[in-house]
Amino acid sequence: MRQQEFNDPLWRTILSGAQMLFVAFGALVLMPLITGLDPNVALFTAGLGTLLFQIVTGRQVPVFLASSFAFITPIILAKGQFGLAATMGGVMAAGFVYTFLGLAVKIKGTGFIDRLLPPVVIGPVIISIGLAMAPIA
């Protein structure tokens, strides 16, 4: 896939940047504040993760990585029950599991996951997560 040059007008570029600012604010500032964590760490790691992702994918996928609202409840509960250090250890462990699964999918392909989790399964799960998180996020 070759990269394309996009020559959008300046007003559209500014509007897209403002839109991204509002999206990033919610994920990078609001989520850490809700969970009682440091927004500076979220900003730094999101930038670092996005740069690494863009390098690995060769800038083929226009993605910005940020904090996920899906982890608000587990982080709040774990922090209250086990403390901040154990919670961050759990987040790191989840990151390693996610990396391992990503490597397994890269090696074996997506066929197994497509059979295990078809869209008819994934859709209701995502809806359930969203509805459960509505009061918090």
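Yeah, the Cβs are placed from backbone N, Cα and C, and that goes for glycine too.
Heads up, TrEMBL stuff is auto-annotated, nobody curated it.
Database features (TrEMBL):
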TRANSMEM  12-34  transmembrane segment
TRANSMEM  40-56  transmembrane segment
TRANSMEM  61-78  transmembrane segment
TRANSMEM  84-104  transmembrane segment
TRANSMEM  116-136  transmembrane segment
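Count of Cβ pairs under 8 Å against the transmembrane segment (40-56): among 12-34, 84-104, 116-136, the largest is for 12-34. Within the same chain, residues 41-43, 46, 64, 66-69, 72, 76, 136-137 sit at least 6 positions outside the transmembrane segment (12-34) and bring their C-beta atoms closer than 8 Å to a C-beta of that stretch. Same-chain residues lying 6+ beyond the ends of the transmembrane segment (116-136) with a Cβ under 8 Å from its Cβ atoms: 34, 69-70, 72-73.
Note on the transmembrane segment (84-104): residues 71, 75, 78 of its chain, located 6 or more positions outside it, place their CB under 8 angstroms from a CB of the stretch.
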